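Q: Okay, handing you the structure first.
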Amino acid sequence: MKRLDQVLAADGVPAELELVINDVIVACKDIAFKLRQGELAGILGATEDENVQGETQKKLDVISNDLLKDILVANPYVRGIGSEEEDYTVAGHDAGKYLVTFDPLDGSSNIDVNLSVGTIFSVLEAQDDQSGDNQEVFLQNGRKQVAAGYVLYGPSALLVMTTGNGVNIFTLDTTVGEFIQTKSGVSIPEDTAEFAINMSNQRFWEPEMKQYIDDCLQGEEGPLGKRYNMRWVASMVAEVHRILMRGGIFMYPYDSRDPSKAGKLRLMYEGNPMSMIVEQAGGASSTGRMDIMDVAPQGIHDRVPVVLGSKNEVAKVVAYHNK
Ligand code: AHG
Ligand code: MN
Ligand code: MN
């Protein structure tokens, strides 16, 4: 059984990148510990603030954001950070080679009901001489990511990550405080009959998405010819993890509740890192019309429609959109 640092070294990850990833993980271990303490640590409930996306911030959104931000901007190899909970990107060190973007706490609505939440992160290389507080330096497509991962705070705390050489899973050994490798070469089954979508938004979807779900619901008598099962955890980290373990398709499509938003999920904190992990595990990830990692970001907080998971099922949804 190998520790995270041993796996990264064996994969030939540059030492500077390893130090950046390690700092993300130090913060995540702290978040895992606080979640374990729960109400005893006074971390439940909401703040009186909203983030730049207009969402009420939970106490743990802010605590997790500060833990990640503080440790990363102090790291000499970090040029800057971008976070779902920060209005603007934050500068680290001008000589730093890496940019880190993160969703510090994904699935916030689950915190107060003691269900699964997660942290998602993505690492890019800083391409030019600009400071990390200039968002332009972050506006690279997902194919440029050099590492991506998430920590799932579930019954066990799991780190799932890739540096472009397949997907590894590590389990937090709470007796020693280390993530220990428990799976490697994770592979998503190509076919599935399990979908995850928030059905309550159905009337706001585009016709293509409505048609696909209608056809799923018709089961073996419908055009898709199989009986589907459905899951919705309301935490993308938990949904993606289930898909890595047993296949499935996760969708948060465009909906017309707020026509100015391309989707609910954010390209740089959720869409891109999850797409890299899913593709590295042999799955697929699309907006419905193009690969998510080919989307050129216009702003750090851009949103994107998301369809990801088992390759053949994602291809079906893309075919509905191209009809
Ligand atoms: P966050 O908690 O970071 O804002 O993200 C929540 C996201 C995602 O994890 C989940 O799939 C989705 O929002 C749930 O949305 P609904 O509450 O609309 O179902
Ligand atoms: Mn999220
Ligand atoms: Mn979040």
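Each Cβ is built from the backbone N, Cα and C atoms, and glycine gets one as well.
In TrEMBL, annotation is done automatically, which means it is predicted and not curated.
Just so it is clear, the model here is predicted, and its values are computed rather than measured.
Features from TrEMBL:
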BINDING   GLU84, ASP103, LEU105  Mg(2+) 1 binding site
BINDING   ASP103, ASP106, GLU270  Mg(2+) 2 binding site
BINDING   ASP106, GLY107, SER108, SER109, ASN198, LYS264  substrate binding site
DOMAIN    15-183  domain 'Fructose-1-6-bisphosphatase class I N-terminal'
DOMAIN    188-321  domain 'Fructose-1-6-bisphosphatase class 1 C-terminal'
Q: In DSSP terms, helix, strand or coil for LYS264 (substrate binding site)?
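A: DSSP assigns LYS264 (substrate binding site) to coil.
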Q: Just counting, how many other CB atoms are there within 10 A of the CB of SER109 (substrate binding site)?
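A: SER109 (substrate binding site) is surrounded by 12 other Cβ atoms within 10 Å.
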Q: Here the binding-site residues are SER108, ASN198; which one has the lowest number of other Cβ atoms no more than 10 Å from its Cβ?
A: ASN198
Q: Which residue counts does DSSP yield for the domain 'Fructose-1-6-bisphosphatase class 1 C-terminal' (188-321) in the helix, strand and coil classes, in that order?
A: 59 helix, 21 strand, 54 coil
Q: Drop a 10 Å sphere on every Cβ of the binding-site residues GLU84, ASP103, ASP106, GLU270 and tell me which sphere holds the fewest other Cβ atoms.
A: GLU84
Q: Provide, as an integer number of angstrom, the distance between the C-alpha atoms of ASP103 (Mg(2+) 1 binding site) and GLU270 (Mg(2+) 2 binding site).
A: 7
Q: Please identify which of LEU105, GLY107, LYS264 has the densest Cβ environment, defined as other Cβ atoms within 10 Å, among these binding-site residues.
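A: In terms of Cβ crowding, the pick is LEU105.
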Q: What kind of secondary structure is SER109 (substrate binding site) part of, going by DSSP in three states?
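A: Where SER109 (substrate binding site) sits, the three-state DSSP reduction gives helix.
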